[in-house]
Amino acid sequence: MSTVNLTGPSGIRKFKDKLAFVAVCAAFALAVIPLVTLLYTVIKNGAKRFDMEFFTHSMNAIGGRDAGGGAYHAIIGTIEQVGLASVISIPIGVLTAVYLVEYGGGRRLARIVTFFVDVMTGVPSIVSGLFVFAFWIALLGFEYMGFAGSLALAVLMLPTVVRATEEMLKLVPNDLREASYALGVPRWRTICFVILPTAFTGIITGVMLAIARVMGETAPLLMTVFVTTAINNSPFKGPQMALPLFVWDQAQLPQQVAIDRAWAGALTLILFVMLLNLAARLIARLRKPVSR
Amino acid sequence: MAKRIEVSGLNAYYGKTRAIEDISMTIEPRSVTAFIGPSGCGKSTFLRTLNRMHEVIPGARVEGKVLLDDLDLYGPDVDPVAVRRVIGMVFQRPNPFPTMSIYENVVAGLKLNGVRRKAQLDEIVEKSLRGANLWNEVKDRLGRPGAGLSGGQQQRLCIARAIAVEPQVLLMDEPCSALDPISTLAIEDLIASLKDQYTIVIVTHNMQQAARVSDRTAFFNLAGPGKPGRMVEIDETNKIFTNPGEKATEDYITGRFG
Ligand SMILES: Nc1ncnc2c1ncn2[C@@H]1O[C@H](COP(=O)(O)OP(=O)(O)O)[C@@H](O)[C@H]1O
Ligand SMILES: [Mg+2]
């Protein structure tokens, strides 16, 4: 029988431990560098035009060479387009996921739906724009409008929402479904009052990510909302602007004043996404059982 | 309000495999019936056929008759959801609803079925929690999450939740197997006090527990390796543990197998 050795790790193990530690830290730093530089650059360049005028004025009658102007028209457009896209795709997406997880159970229809969701996930964003252009504008004869952009964004959002919700619903333990059924609660009530609330936090996070992702989409908007310099409050009538388009439009111009506007637009976009994330966290926190 | 259950010729399947075979028994009202037997012999499966929870599993089905007094639970116009309101169930692992407070957990069955009056709910919460021997421990923190309680408390919360809908029969599938001895004792006391009002069926791996809490005991066993489970015998608990009618029962309770 050998004697028990309780001395600390040998030199070589200590060294390996250090090495792994350094490697992990280095990998983390490498991952963070792009993010930090990006934030730094956008904030530094965006701050110049991050002023009242930027948020209260449009680009109407302001040429590329002129200073001033703002992204009010683009902000309105983005909020309305993304809002409408969410209104379309979140209910459809969540209900689809509920069907797949709670009712599908390997049925033929469920497999077909899953297949199409997979296909949709792979649709390039420009294609969704082209699709809406071909269908909504060219075929049905509607004019360019914010809502057409919403449709294109909804096509992009839908598979993300379905997937995120599906994953979250699958995480809900089967015990809870059974607990609810055993109380004599019908399936649909179980879904509404037990399963969806349990998965709620995860679903919200997934949905927010989906919204954040489409908020910065430029390609699908190009052929659907068109580009305008004027304020258009109605997403259902005539061309509308959007923040990513604004950035794209201004960044193309050679003048520094335009470039500055583009940076300020990019900063605004990033802030929107961050706000969404914060909102998601807040909602998740408020959902914990309340004290009485 | 407690009712008699009469099972005859019951088979249960998971897809094509038969899990239990030809079970017939009578479960007396206002008494505790214990199911004992080795793992995998179909005790849980059988228990779940009694409140139509078996068919919740995809591909699972049941043949045979289960009478609740005179009503066939598998009759053509019987709604399984309604059956489960009358025959409640407590599971092996405590499973309180994680998004709900203690209070909400207790009233979940009522609320999800449309009872909304606050005063009535308050009353039921107190009554059910008292019934489950939990009231004194939680009365000051009804708004706290149910999942924050200890395992034994969670299981008693689940019992409170089950009795809040005032079922006539209470099925318990190894309700103490995840609990410490003290919580187990609390639940056994609870079972003893509930039997005045309910028909109780309890599956247990613990033979002392069966001997302590039950009036009648049924012994289940596999018909053979790879064969479905069946009920070997059911009798007064006293008789099963002192003078069983079958050799297999005796071997099992004396620890010769299982
Ligand atoms: N969900 C299920 N799907 C398929 N087979 C199952 C399922 N649950 C249990 N079984 C099978 O049914 C038999 C009886 O299981 P069970 O009723 O859980 O036994 P016990 O509760 O006595 O341990 C076992 O052979 C088990 O493998
Ligand atoms: Mg079992």
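Note: Cβ is positioned from N, Cα and C throughout, glycine not excepted.
Taken from TrEMBL, the feature transmembrane segment covers A:20-43, A:82-101, A:113-138, A:144-162, A:191-212, A:262-284. Among the features that TrEMBL reports, domain 'ABC transmembrane type-1' is placed at A:75-280.
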**Request:** With the transmembrane segment (A:20-43) as the reference, find which of A:82-101, A:113-138, A:144-162, A:191-212, A:262-284 contributes the most Cβ pairs under 8 Å.
**Result:** A:262-284
**Asked** Near the transmembrane segment (A:144-162), which residues from the same chain, at least 6 beyond its ends, have a CB less than 8 A from one of its CBs?
**Response** 77, 80-86, 88-90, 92-94, 96-97, 100, 117-118, 120-121, 123, 125, 128-129, 131-133, 136-137, 206-207, 209-211, 213-214, 217, 220-221, 224-226, 232, 234-240, 242
**Message:** Could you check whether the transmembrane segment (A:82-101) packs against the transmembrane segment (A:191-212) - three or more CB pairs closer than 8 Å, residues at least 6 apart in sequence?
**Reply:** yes
